[in-house]
Structure formats: C-alpha cells, structure tokens
Amino acid sequence: MVLSTSLHSLCIIPHTSQCKIPSIFNLLKSPLAKPHLKINPIFKPSSLSLFTQPSKLRPKTQNFRTPTIRSLFTGIVEEMGEIKQLGMADHGGFDLKIHAKTVIEDVHLGDSIAVNGTCLTVTDFDTHLGEFTVGLAPETLRKTSLSELEPGSLVNLERAIPPTGRMGGHFVQGHVDGTAEIVGKQVEGDSLWIKVKTDKNLLKYVVPKGFIAIDGTSLTVVDVFEEELCFNFMLVAYTRQKVVIPLKEIGQKVNLEVDILGKYVERLLSSGFVDSIKGSRFPETHNKVSSCFTYVVFTLVVESGSYL
C-alpha cells in the first residue's frame, strides 16, 4: 500500500528476511515478506490518494535435494528368480541375466537388487520379457557362491528397501562376508534343519539366537559348534517354499553375511577405545567404562540402520 501526497508518495515494498528452515529437509532459506519504507518522487501535484503497488520481487524457487540412500535390505526374500544367462559380456565384464516377476515391476537402471544376498546393480532390463541384467565383479565371484550358478538355477531376489518400508527381518547390507558349505540336512516335522561349515574368521561373529543372512535370507542361528567350525539353523515350512536354500544339496555353498554389529564392536575394541578410558587418571572415570561402552554399542545399533 502507498500513501501519496502532492510532493511525495510513501510506498510499502516487500523486503526479504530469513526464515529458519529445519536442516533435515536440506532446503534453501525461504524469503518471507517484510515491509520497509521507500520515498518515490512525484512531479505532478495530485490529490490525496490510496492505491496498491504490486511487488516486483519474485520468490526464489526452492531446490529440494534428494538425500543419498545407501542400499539396505531386510533378508525377507520377495521371490525366486531363474538364471537365464551368465558369462562374459561383450564389454569384457561378467553379466548375469535373471528372469523375474515381482522385483522387475518398478525397476530402473542403477537399482540395487540382492541376488542370493549379494547386492548387485541393474545394468539392463526388459519388462516385456521379465528379465534384468546385473554385472559381477571378479571379487564378487571369488567371495560368493554365485560362481556355482548355471542357466536354470533359482536365486533369492530382494529389492532394496525404501525409507518408508517395513523392516521385516534385520539390517542386511548385501555385502557378502564369505561362504559356508552345507554339511547336513535333517527333516523334523514340516521343518528342515540345515548345518553349515564356514571359516573360523566368520564363525567368531556367529552367536546362538543371533541374526545371520544366508543366501540373503534373514535367519536365526540355533547352535554354534566351535570345534567343528559349524552352526545350524532351521527353516519352517513356509520359508522352505519361498527360498532356494532347501533346494541345495550337501556340499554346495551358501552366501553368508554376519550381523554387522559384531564387526563394529570388534573394531571398537581393537581401536583401544576402552583401554583409553581405563587408563584415565581420574578414578571416577573407571566406573563409567561399562555404561559408556553400552552407550556406544547402542549408538552403533542405531547407526547400522541409518539410511542417510
């Protein structure tokens, strides 16, 4: 609004001021209107008038930055896919082509899909044929059991979980730590006991009643047999019908991903964190070591499930 006289007009013009926006949205600061006074000369006499002057300022366009989301899985297998083709590709790499139905419904190039628990990147897809292709690095072939696959083999498939999705299993990164060999299978009622043997460097992270991802399936360890370098788990009837593990024979391998919390704790202990607190010259600090360590472990649990 501007109040005009015969000599000058008094104008109210919007002026920008800063408004604090929560940093979690990663937004640019938004301009809000704040009036200030400005004198505009008028050369011709005029009667007292009241009029509106539109602002020439335009609000800035907000730039929303999409947060970077790391791939995270739950160990709840969505479907079993079939290997259609695997081998060296024209570009010199190793490709794996898989037939699927569910995971290809909303697939995009660059999406992450866990194949038998191995996080792989979609490099090509055909929704009409129901096929997608992923690339395999030499280290992936050495570290996992995917090298045992052949055309017609079935594999567990799971898409990366969105931030709003349900966590039905446990936090699975899709980073296979190693493999285990199936050494025993035994039916009990409608369930199936499976016993596997692995390297001692992996077995130290396996604990009774603890989480473990086997071929990308979130399962619970039942018993650990230290001397045999083995552990076992049980598959209920429903799980037996939905995953590939029961289809494998004694002597075949499965992919393992241990609970990442155990590796975090080991790293923390080896870094000398606890010893540094114990070595404090303040006696009262010693009594707080246990509670402090508990707090750090709790923090690691939370951070291991962080999306951003």
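Placement of Cβ uses the backbone N, Cα and C atoms for every residue, glycine included.
These features come from TrEMBL:
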{"type": "REPEAT", "residues": "72-170", "note": "repeat 'Lumazine-binding'"}
{"type": "DOMAIN", "residues": "72-170", "note": "domain 'Lumazine-binding'"}
{"type": "REPEAT", "residues": "171-269", "note": "repeat 'Lumazine-binding'"}
{"type": "DOMAIN", "residues": "171-269", "note": "domain 'Lumazine-binding'"}
The domain 'Lumazine-binding' (72-170): DSSP-derived helix, strand, coil residue counts:
9 helix, 42 strand, 48 coil
Could you give the number of helix, strand and coil residues in the repeat 'Lumazine-binding' (171-269) as assigned by DSSP?
23 helix, 42 strand, 34 coil
